[in-house]
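Here the structure is laid out as structure tokens; the discussion comes afterwards.
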Amino acid sequence: MAVVERVGQQGWLLPFPNQANLSQALASSCTHYVHGQDPRSLQLACSAGADGAPMTTVLHSPMKLSPFQVNSNFLLTVMAPSFVTSSRVCFAVRPPIPIRSPPQCRIAVMPSLILRLPIHPTLMTVWTRDAVAAEILAGAHLIVYHGLLLRIPPKWLEQHPGGALSILHFVGRDATDEIDSYHPDPVLKSIRKYQVGTVELPWKPLLPPVMSGWVRTDTKTWFKEAQTHRKGATQILLIQNRTESLDAPTRDQIEPPTSTLSLEDQTRHSDAYKVLHKRVRDAGLYNTRYISGYGPEIARYTLLAGISFYAYRHGWFITSALFLGLFWQQLTFVAHDLGHVSVTHSWTIDRLLGIAIADFIGGLSIGWWVDNHNIHHLVPNHPTHDPDIEHLPFLAISPVFFESIWSSYYKRVLFFDRFSSFFVRFQHNLFYIILLLARFNLYANSYPFLIRKALDTRRTRGGRWAWALEVLGIGVFWTWFTMVLRGTGSWKAGFLYLLVSHVAAAPVHIQVRTQYLPLYTSNAKDQIVLSHFSMSTTDMGPTECFADRQLRTTSDVICSDDIGWIHGGLHLQVTHHLFPRLPRHNLRAASMMVKEFAREQDLVYAEFGWVSGNQDVLGVLRNVADQVKIMGKVAHAEALEASERLTAKAGH
């Protein structure tokens, strides 16, 4: 067996003691391809020379490798010139394939070079769009990633750290940018174990069954959970739940509406985003700044907690409650960072820290928040699918909610009834009052989530220990906080302490809401208001690429870096949505690159001041409220007209 030396990243040097020729064969242990690289496009370059002599190109023009099957191996073979003899030969594959370990040499029975790849032949089968659709209709979860077709096994859906819905929303679609933005390199390398073939790019997407109301039950049968309602050219809403089980979705039901977007343009934007993402990585912006970034943050948190404790010990309960609320508000941003695994970049460590902060100190479930928030990031501002804009009966950020739509996340109808109508009429007046009490809503969502997970803790990432630790954390929180309330001396003082502390934590909710409302709004929930409530709630269909979707539905709050800590980094919502794992203290540097990217691709990068952002949000809410009032007047007029007709008919 010859000793093989590595030659850079592209080839291997093989010394042959007996002047052997190219009848020597090379069997390589390739671990993976370059992203999306089809082996049929690989080329072979070969050089040879005597000891001490320069290497000479043997193949003057690179030769195409032709794949074929031998036994159960997938081989790439090229016939080599039989006249070549040399004491050393160098083989290189172009484009280069990263190899972790050097290959071994063995005698071949024919004068050819053999590259044996560790994959089954079927993995290189090119799937047609119709074939993919047929498999999806049969119940498979197929997703496109860098030209590879991945089949996600059902058992992984609930174990997936991002939740099952984050996968189901991309069945039949190219999820390359979403997957790359949400996963670190070690995870990305393991994804290829799900490969079952390849597809031709650019990929024309299918409509995920979940987006047309179809889900798979535990019995592995299809279930129609809601009816579809098409509104406009591309928007598909789910409007009512169904109790009966139908056979299965049809081919037409997973065919998206004709898109107003150009697939060519979306592909170009997606390619540009990949280049942008590489720039961000190469700039080292995924490296967490523990000292210069989180150092000052920890000092602020300690100061807020210290003031609250000092004031409490001296009987200044209102002051104590105020600073406890501000302490919670700032810690919410850290919990947000940990939920995105953007602090230590270790899921286990970040989840443990997240439980310590969110559950033990804040009384909220980090597990629920991550489950909810990941969906918000992937389908932002979609009325049927984004739980962060589904606030009926108290708020409606779009007339779409008048349809009493189905929530694919909450699995229930968001009824727009008389009760909802009453609140929505005055939502622009009640907006800040509602958000001041938003923390109580977080409790209401956290605890039912933990109760549901009690039935299937083994199916989720972290399993029983994560769930048990969260339950323990919630118990510890209410133990110490109840002691704090009782220590105020009376139920009135305790109630006031409870109210002030929870109201003081509210600014984070206002910020988020104003950054999302339909241009849509942040706490890591108030900041959401400012950054989303004023943004678009239009569904552009699955053709829209990741970058376009995030830029269309999010906006930034303009503020100085000196006070950026007040927003917890979430004022840079656009960049955060494009790179959710990016440490918050590096968002400003990345945002400069994103703005350049937006200009080059002719995309809108939305920014608002705090005041103007809030004005836009209130304007959106007022506009929706006015439409409810008009609907009420029309309904009243129609009722009077009908009554008059009945009276006139009775008179005759």
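The backbone N, Cα and C atoms fix where each Cβ goes, glycine too.
Unlike curated records, TrEMBL annotations are generated automatically.
If you look up TrEMBL, you'll see 124-200 marked as domain 'Cytochrome b5 heme-binding'. Across all of the domain 'Cytochrome b5 heme-binding' (124-200), the predicted model scores a mean pLDDT of 89.
What TrEMBL records for 430-450 (among others) is transmembrane segment.
Among residues of the same chain six or more beyond the transmembrane segment (462-481), those with a C-beta under 8 A of the stretch's C-beta atoms are 348, 351-352, 355-356, 358-363, 365-367, 446-447, 450, 453-454. Per TrEMBL, the feature transmembrane segment maps to 462-481 (among others).
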Looking only at the domain 'Cytochrome b5 heme-binding' (124-200), how are its residues distributed among DSSP helix, strand and coil? 37 helix, 16 strand, 24 coil
